[in-house]
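Here's what TrEMBL has on this protein:
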- 21-40: transmembrane segment (TRANSMEM)
- 42-75: domain 'Connexin N-terminal' (DOMAIN)
- 76-95: transmembrane segment (TRANSMEM)
- 126-151: transmembrane segment (TRANSMEM)
- 139-206: domain 'Connexin cysteine-rich' (DOMAIN)
- 183-208: transmembrane segment (TRANSMEM)
Amino acid sequence: MNWSALESLLSGVNKYSTVFGRVWLSMVFVFRVMVFVVAAQRVWGDESKDFVCNTRQPGCTNVCYDSIFPISHIRLWALQLIFVTCPSLMVMAHVKYREGKDSKYASQHQGSHLYANPGKKRGGLWWTYLVSLIFKAVVDAAFLYILYYIYHGYDMPRLSKCALEPCPNTVDCYISRPTEKKIFTIFMVVSSAICIFMCILEMFYLLGKRLQKVLKERQANKRLLFAECHEVTNIAPPRSLYIRVDPTIGSQQNISRQKKAEEAAATSL
C-alpha cells in the first residue's frame, strides 16, 4: 500500500483541525505509520517461515501456526490505520462539499457567498467533525480489544504448546524474535492509547467551546432584549430582572421575593 499518498491526502486536514487534531495526526504518521512501514513489517516478515515446532509430522506446523496466529499483527495494524484515518477524509469531503456549494451560490448571486469560511466548524461540519472523533476513538479501542482477545494479552510468548490434529502429541512451538515483536506490539498499543486520549481531549475541547458559545449567545440575546425594552418603554427594564438570588435563605423565600418584585414592577408600569 502507498502510505505516502495517504499521508499527502490527509495532510490537508490539518488546516481544518484543532490543536489536538494536529497532534493526533502527527502521532498517527510519525509514531504509527512510519514505525509500521520502516520497522514493524520487517520484524514480522519472517513469522511464517521461522515458526518451528519440534515435530516432523506433515501439516502439524501449519495447523499450530494458524492456531497461535489467527491473524497477522501486520495485517491487523494495516486495517486499523486504514479505518482510523477514514473519518478525516469524511471531514475533508464535507468541506469540499461546502466549497462547491458556496462557489455555485456565488455564481448565481453576483458574488455574494453562502459561507464566510467553508472550513469553519459550525453547523453540520461541527457534527461531522465530532462524529469523526468518536469513530476514530471507537475504532482504535475496538482494535486494541481485538488484539487483546485474539492473543490473550499483548505478550509474545517464547514457547507455545500445541496439541491439534494432525500433531501426534503435544508439541512445543517457537516463534522468531519474540522479544523484539513484544516491544513493537507494546509500542503500537501505547501509541493507539495515546491517540484515543487525544481524541477524547479534542471532544471535550469542542464541547466546551460549543457550550461557551451558547452561553455567550444567550447573554447577548438578553442584553438585546434589555435594550429593546428600554427603547420601547423609554424606561429602565423592570427591576425584577435584576433580583439577586440569596443563597443564604430557602428557595421558597427566594420565590416569594421574586413574585413581590414582579408585582411591584407591574404596578409601577
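Cβ coordinates come from backbone N, Cα and C, glycine included.
Remember, TrEMBL labels are computer predictions, not curated facts.
Between the transmembrane segment (21-40) and the stretches 76-95, 126-151, 183-208, the greatest number of Cβ pairs separated by less than 8 Å involves 183-208. DSSP labels the residues of the domain 'Connexin cysteine-rich' (139-206) in these numbers: 42 helix, 8 strand, 18 coil. In the domain 'Connexin N-terminal' (42-75), helix, strand and coil residues by DSSP number 14 helix, 2 strand, 18 coil. Summarising model confidence by region, the domain 'Connexin N-terminal' (42-75) averages a pLDDT of 82.
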